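According to TrEMBL:
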| type | residues | note |
| --- | --- | --- |
| REGION | B:1-185 | region 'Disordered' |
| COMPBIAS | B:14-31 | compositional bias 'Basic and acidic residues' |
| COMPBIAS | B:32-44 | compositional bias 'Basic residues' |
| COMPBIAS | B:71-80 | compositional bias 'Basic and acidic residues' |
| COMPBIAS | B:96-122 | compositional bias 'Basic and acidic residues' |
| COMPBIAS | B:131-149 | compositional bias 'Basic and acidic residues' |
| COMPBIAS | B:150-159 | compositional bias 'Basic residues' |
| COMPBIAS | B:167-180 | compositional bias 'Acidic residues' |
| TRANSMEM | B:293-315 | transmembrane segment |
| TRANSMEM | B:327-348 | transmembrane segment |
| TRANSMEM | B:422-443 | transmembrane segment |
| TRANSMEM | B:464-486 | transmembrane segment |
| TRANSMEM | B:498-518 | transmembrane segment |
| DOMAIN | B:568-683 | domain 'TMC' |
| TRANSMEM | B:688-709 | transmembrane segment |
| TRANSMEM | B:745-769 | transmembrane segment |
| REGION | B:790-839 | region 'Disordered' |
| COMPBIAS | B:817-829 | compositional bias 'Polar residues' |
| COMPBIAS | B:830-839 | compositional bias 'Acidic residues' |
Amino acid sequence: MILHRCVIDCTFFTRKEILRLHGRYHELAPHLVPMDYTNEPDCKIPLALIVNMPELKENPFRNRIVESFSEDGMGNLSFNEFVDMFSVLSEMAPRELKAIYAFKIYDFNVDNYLCKEDLEKTLNKLTKEELTPEEVELVCEKTIEEADLDGDHKLSFADFENMISRAPDFLSTFHIRI
Amino acid sequence: MSTAGEQDADLSLQEEHESKTHRTKRRDGDRQKKKRRNERRKGGTRAGEGEEDLQAVSEKRERSKRKRAKSKQETSRRENNEEEEAQLTGGKGTKARKDIRNEKTRRMEKEEVREVDENVDKGKKKQGSTKKGEKKEDGGKQLVKEKARDIKKKKHKKAETRYSEPETSEEDDDEEEDNDKDVVRPECLSPEELEKLKEAVDERKKLIQSLRGKPWPMKKKLVTLRESQEFVEKYEGALGKGKGRKLYAYKVLMTKALMGRPYGSMPRKTVPRAEEASAMDFAVLWDFGVSGYYFICLLLYPQGYAQYSVLFYGYYNNQRTVGWLKFRMPLSYFLVGVGTVAYSYMVVIRTMARNANESGVGDDNSFNFSWKMFTSWDYLIGNAETADNKFASITTSFKEAILEEQESHKDDNIHLTRFLRVLANFLVLCCLAGSGYLIYFVVRRSQKFALDGLENHTWWERNEVNMVMSLLGMFCPMLFDVISTLENYHPRVALQWQLGRIFALFLGNLYTFIIALMDEINLKRKEEKVVKFNITMWEASLYNGTVLENSTAPPVTIHPADVPRGPCWETMVGQEFVRLIISDTMTTYITLLIGDFLRAVLVRFLNYCWCWDLEAGFPSYSEFDVSGNVLGLIFNQGMIWMGSFYAPCLPALNVIRLHVSMYLQCWAVMCCNVPQERVFKASGSNNFYMAMLLVILFLSTLPAIYTIVSIPPSFDCGPFSGKNRMFDVIHETLESDFPPWFSKVFSYASNPGLVLPFILLMVLAIYYLQSTSKSYREANVELKKKLQMQNEENKRKNKRAALKAQMDLEEARKTAQEQQRNNNASVQDQEGESFDFKY
């Protein structure tokens with residue numbers, strides 16, 4: 001496979017890692033993905049195939065992750081976007097970058113705010129809906145109360161960033177190894 | 001697409017902007033891209049502005065048609081590159097098209113150069129395409145260009161695009177341009193312009209470096225990268241930094257070569273996927289088990305050859321210097337012992353200080369729920385069972401947090417709680433006292449056995465002390481765990497109490513053991529006196545007749561093995577420690593196998609035919625106890641510190657043991673354990689474990705120091721034999737190996753009159769530092785409080801402002817509505833009137 005230096009400069013991976021990633025990308029859909037990129041094929045793998053990868057299979061936010069990195073918002077990733085996704089989630093990406101994408105991932109309705117519904121969805125995915133609605137309500141209220149700085153009852157990116165930058169576990173948990 | 005080429009020729013006589021539109025028409029579907037690119041170029045970057053300035057400057061000069069045509073080609077080539085390397089467009093025929101076009105344009109250009117006059121009007125220039133100065137005659141330049149072309153071809157050999165012909169043609173054009181620039185630019189631009197250009201180039205370089213960290217979509221990144229790279233390439237050459245790219249590549253290479261790569265970034269550093277499953281296979285590990293058994297048997301009885309090996313103290317000779325290098329063996333033995341202890345102290349205290357620095361920030365409670373929500377899921381989880389466990393633990397943690405939030409005002413029955421806690425502590429003290437007495441009793445018994453002769457007793461009776469200690473170490477912590485349920489503490493506090501009690505248990509056991517050891521040492525010393533006496537008698541009997549003790553007898557050759565040996569109490573101490581550590585290891589492994597593995601097997605297989613659910617109910621799988629294991633490691637280390645003076649190879653043995661333990665426990669965790677149910681942040685306990693390590697270090701070195709200082713060494717074994725006290729070796733060294741004035745200085749320095757004031761001074765310094773650190777800590781707390789209050793104030797202000805803004809908006813809307821209504825009403829009135837008018 002011919003690799004372009006540009007992709008190396010745009011992500012945190014080395015050439016070998018990108019080649020290996022291409023191998024993984026190819027085996028997701030061997031009939032769709034060509035091994036030879038010299039003709040610049042414009043192929044995208046659909047969401048359903050990507051979320052079955054072993055690294056993402058057990059993640060409750062897998063759909064949102066793939067959607068945040070796709071250009072069309074529907075989760076169909078080209079190879080560049082695929083590499084970009086794993087690059088941001090790798091341990092070499094800086095905290096600020098991860099915070100930006102984490103915000104995108106948890107923003108279910110893609111309105112650039114983490115409103116109450118977003119938080120409720122996040123919580124239900126985290127606890128597999130084991131909490132009672134009152135408990136969910138309480139937790140979301142407390143979260144907004146803790147992190148909301150401008151008083152609009154939803155979390156903007158600035159609020160989120162302020163909160164996540166002090167979290168000691170963020171870098172170690174928001175990490176996928178491939 | 002040959003029309004394109006012809007169009008280019010025509011364009012030589014037209015305005016620039018028209019040519020632009022022609023090009024946009026030519027490119028189907030690229031219009032948007034181009035506009036975007038142009039906008040970006042004319043956009044707000046400082047680099048862009050710098051270039052605009054330069055454009056303005058160079059506009060004043062005359063430019064040739066050839067330059068413009070070349071620039072068109074340059075931009076079209078750039079477009080081509082974008083398409084190629086963005087890998088997102090499908091144009092399959094574009095390459096061929098470009099091919100033909102490039103050839104044609106090149107030919108055209110060469111003609112144009114000779115024909116066309118220079119044109120002054122520049123209007124909207126594309127960035128980077130119009131910086132050419134005056135066009136001088138080409139003749140001389142052709143040669144230069146040829147040379148430059150060759151050089152640059154070599155540079156571009158590594159370029160990874162596949163099509164060589166268009167590439168080289170593009171390169172050629174590039175080189176021609178560059179070359180022209182090389183030749184033309186520095187002469188034509190003033191220093192300020194050069195400066196600005198340099199800044200622009202640096203800006204672009206920084207952008208390229210930082211591109212990885214930008215949150216843009218991949219397409220945008222690639223496009224920006226391409227542009228910036230081309231820009232830098234072009235103008236770096238102009239500024240005389242022709243080797244810039246090579247240097248950059250070299251720098252990148254060196255950084256990669258010198259900096260390590262993290263785990264998982266290279267195949268070598270990652271467990272291959274195929275082997276992941278079998279890496280934990282029990283069968284693989286057991287293959288070593290059989291041979292290991294024999295090795296361990298050998299060590300369990302550190303007698304026989306082992307006793308007279310380097311392993312133990314007694315082996316070392318007491319010669320002052322060894323070998324032709326005059327290595328001071330006894331001195332080094334002593335100093336190594338002292339040095340390792342000092343180094344250990346330093347390391348532990350330094351780690352504690354570092355931990356204290358880091359942990360100051362971590363006690364934040366202000367984002368409890370937010371952090372639980374956004375940082376509790378571990379994205380590395382790929383195993384279904386682990387995921388289930390994680391979901392359960394997250395749910396539990398949320399429920400606990402909710403409970404705490406709701407019950408923060410509940411005041412439980414304090415008196416009952418206090419009573420229960422006192423009761424629990426009383427029970428624990430009884431346990432500790434009981435275990436201490438048991439060990440004492442067992443040690444006494446084994447001393448009696450030893451007097452009777454070891455051969456008459458069973459294996460159990462011979463190794464009673466070690467076995468009892470290990471068993472106590474296994475069962476008492478469980479007992480403490482049960483007792484602690486009475487106390488009803490927060491998990492972290494309960495954990496600390498539990499660890500403290502286990503610590504006390506082990507310490508008690510260890511010190512009872514040492515006291516027993518002291519008894520044995522005294523026994524051995526008495527024995528030694530007897531042996532010494534016997535030796536003199538035996539020697540006398542050898543030299544028949546000579547009664548004098550230090551007579552010059554004829555050398556009677558006696559084999560070293562026949563000489564009667566004194567009992568060597570130091571070796572005995574070393575042996576005891578080795579035996580203790582080995583039995584401790586064995587106990588750990590057996591506990592692991594029975595307590596974890598066997599239990600897991602039973603639970604898994606008996607579950608099918610048992611009345612209640614074994615997995616959820618009573619035995620269930622054992623949890624992986626992190627704190628217990630850490631404690632085990634700490635105690636192991638304590639024993640090593642204690643015994644290493646008398647058994648010098650003990651640390652080496654321990655390294656082997658630690659390696660084996662690691663693999664064994666790694667397997668056991670994956671195979672038989674389940675994660676803890678209550679997960680709470682124990683990272684605040686980092687310094688707790690370090691503090692325990694420090695205490696153990698202090699307590700383990702005490703016995704060794706005591707024996708060095710107060711007990712005279714054996715007369716015929718070890719490096720200090722014959723001396724009155726072990727530390728006499730230092731005195732001896734000072735006297736004989738150093739110049740005489742040194743020992744005088746030393747004796748003055750060790751004068752109590754000097755040492756005591758020094759100690760006093762140090763105590764005062766400690767007190768002073770302690771009080772300043774306390775005041776700093778308090779100031780820190782105050783500042784934190786202030787910050788929090790500020791935050792809340794800001795929040796309140798913002799909320800008020802937002803509310804006010806909302807109200808204003810409402811009012812404005814209301815007034816607007818009213819006005820509209822009024823307008824409508826008046827219009828209606830008017831209409832009504834006009835209506836009336838009509839009629």
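Using the three backbone atoms N, Cα and C, a Cβ is placed for every residue, glycine included.
Sequence-distant contacts of the transmembrane segment (B:464-486) (same chain, at least 6 residues past either end, Cβ-Cβ under 8 Å): 420-421, 423-424, 427-428, 431, 435, 438-439, 442-443, 445-446, 494, 497-498, 501-502, 505-506, 509, 513, 516, 579-580, 583-584, 586-587, 591, 628. Long-range neighbours of the transmembrane segment (B:745-769) within the same chain, counting only residues 6 or more positions beyond its ends whose Cβ lies under 8 Å from a Cβ of the stretch, are 734. For the transmembrane segment (B:498-518), the list of distant contacts is 428, 431-432, 435-436, 439-440, 443-444, 447, 465, 469, 472-473, 476-477, 480-481, 484, 573, 576, 580, 627-628, 631, 635, 638-639, 642, 688, 692, 695, 699, 703: same-chain residues at least six beyond its ends, Cβ to Cβ under 8 Å. Sequence-remote contacts of a segment are chain residues at least 6 beyond its ends whose Cβ falls under 8 Å from one of its Cβ atoms, and for the transmembrane segment (B:688-709) they are 337, 341, 344-345, 348-349, 351-352, 355, 496, 499, 503, 507, 510, 514, 521, 573, 630-631, 634-635, 637-639, 641-642, 645-646, 725-727. Within the model, the domain 'TMC' (B:568-683) carries an average pLDDT of 84.
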